[in-house]
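Novice: Right, I'll just put the structure down here and ask away after.
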Amino acid sequence: MLLVVDVGNTNTVFGIFENGNKIPLFHKRTVTRKDRTSDELGLFFRGFLREFKIENEMITGGIYSSVVPTLNPILDRMFQDWFKIEAIRVHYQMKLPFSISYPRPYEIGADRLVNAATCAIDFPGKSIIIDLGTATTFCVVNEKPEYLGGVIAPGLKVSMDALTRNTSQLPPIVFQSPGKILGDSTIESIQAGFFFGWIGLLEGIIREIKKDKGQDYQVIGTGGLVTVIDAAHPGIFDKIDPLLTLRGLQILHLMNS
């Protein structure tokens with residue numbers, strides 16, 4: 001069995017793959033804690049695995065992507081001590097299913113490399129990959145496949161938290177469509193601003209990318225809020241895959257083990 005871990009600034013998502021299946025047997029999302037020790041992580045993962053009757057020795061491979069560099073040695077130690085394996089860490093110099101047309105490839109986040117890997121294998125052709133995470137990232141991969149670059153915008157939750165934190169009378173809200181552009185209350189007005197504002201951001205950046213690179217790019221969405229946006233405002237994404245990052249980790253493990 002393969003344990004894959006995607007460490008983001010806000011959340012960590014992990015899952016178990018078995019026998020080369022493209023869909024994880026199990027997966028879970030938890031808050032990223034930057035103060036955890038390797039033993040605390042080991043205990044956490046052991047508890048998760050035992051929920052599904054999986055013992056540590058059944059894990060024969062491990063890979064992780066991380067945008068929190070301070071956690072990298074802790075993850076390495078956790079895999080070594082608790083699973084007796086050397087985990088693969090995603091980086092731009094590993095074997096990738098695409099080439100990189102980027103003057104400073106070392107600046108590309110591990111999460112973006114993983115997402116591009118899934119698109120190169122599972123969604124061949126010209127793709128715009130949008131990941132709605134702590135940051136909202138757009139990555140562009142052409143038909144060769146070649147990583148061309150991307151766009152990084154603020155994340156939705158970060159922006160919502162900033163508005164609440166920096167104002168005295170605006171309450172926190174749940175992100176959802178208010179159903180109309182003009183709100184009848186403060187909460188509805190904030191919801192309208194974030195919902196339609198984010199729709200405009202997504203559609204506007206997609207439009208500019210297609211204007212620059214061509215109209216025949218498919219748009220693939222992933223991340224925690226992708227299903228919410230797709231259900232309330234269909235048509236932005238040609239395909240959505242909330243587990244796209246975990247699948248990318250599986251692909252890169254197969255290529256590099």
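Each Cβ is built from the backbone N, Cα and C atoms, and glycine gets one as well.
Residues or ranges marked as ATP binding site by Swiss-Prot: ASP6, VAL7, GLY8, ASN9, THR10, ASN11, THR12, VAL13, THR134. Annotation comment: Swiss-Prot describes TYR102, GLY109, ALA110, ASP111, ARG112, THR186 as substrate binding site. Here Swiss-Prot flags ASP111 as active site, proton acceptor. The K(+) binding site annotation in Swiss-Prot covers ASP131.
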Novice: In whole Å, note down how far the CA of ARG112 (substrate binding site) lies from the CA of THR10 (ATP binding site).
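Specialist: That comes out at 16 Å between the alpha carbons.
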Novice: Can you tell me how far the Cα of THR134 (ATP binding site) sits from the Cα of ASP111 (substrate binding site), in Å?
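Specialist: A Cα-Cα distance of 11 Å.
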Novice: Would you list, in sequence order, the binding-site residues among ASP6, THR12, ASP131 whose CA lies within 10 Å of the CA of ALA110 (substrate binding site)?
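Specialist: So the list is ASP6.
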Novice: Run through ASP6, GLY8, THR12, ASP131 for me and report the binding-site residues whose CA is within 10 Å of the CA of ARG112 (substrate binding site), in sequence order.
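Specialist: Final answer, ordered: ASP131.
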Novice: On the Cα atoms of TYR102, GLY109, ALA110, ASP111, ARG112, THR186, which are listed as binding substrate, what is the maximum pairwise distance in Å?
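Specialist: Binding-site diameter by Cα atoms for substrate: 44 Å.
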Novice: Whole number in angstrom, please: the longest C-alpha to C-alpha distance across ASP6, VAL7, GLY8, ASN9, THR10, ASN11, THR12, VAL13, THR134 for ATP.
Specialist: 13
Novice: Between the Cα atoms of ASP131 (K(+) binding site) and GLY109 (substrate binding site), what distance do you get, rounded to the nearest Å?
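Specialist: Cα-Cα distance, ASP131 (K(+) binding site) to GLY109 (substrate binding site): 12 Å.
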Novice: Any idea what DSSP makes of the residue listed as 'K(+) binding site', helix, strand or coil?
Specialist: strand
Novice: Of the binding-site residues TYR102, GLY109, ASP111, THR186, which sits closest to ASP6 (ATP binding site) by Cα distance?
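Specialist: Looking at Cα distances from ASP6 (ATP binding site), the smallest one goes to ASP111.
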Novice: Can you grab the distance from TYR102 (substrate binding site) over to GLY8 (ATP binding site)? Cα atoms, rounded to a whole Å.
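Specialist: TYR102 (substrate binding site) to GLY8 (ATP binding site), Cα-Cα distance: 23 Å.
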Novice: When the Cα of THR12 (ATP binding site) is compared with the Cα of each of the binding-site residues GLY109, ASP111, THR186, which one is closest?
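Specialist: Closest by Cα distance to THR12 (ATP binding site) among the binding-site residues GLY109, ASP111, THR186: ASP111.
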Novice: Which is it, of THR10, THR12, THR186: the one of these binding-site residues whose Cβ has the most other Cβ atoms within 10 Å?
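Specialist: Checking each of THR10, THR12, THR186, the winner is THR12.
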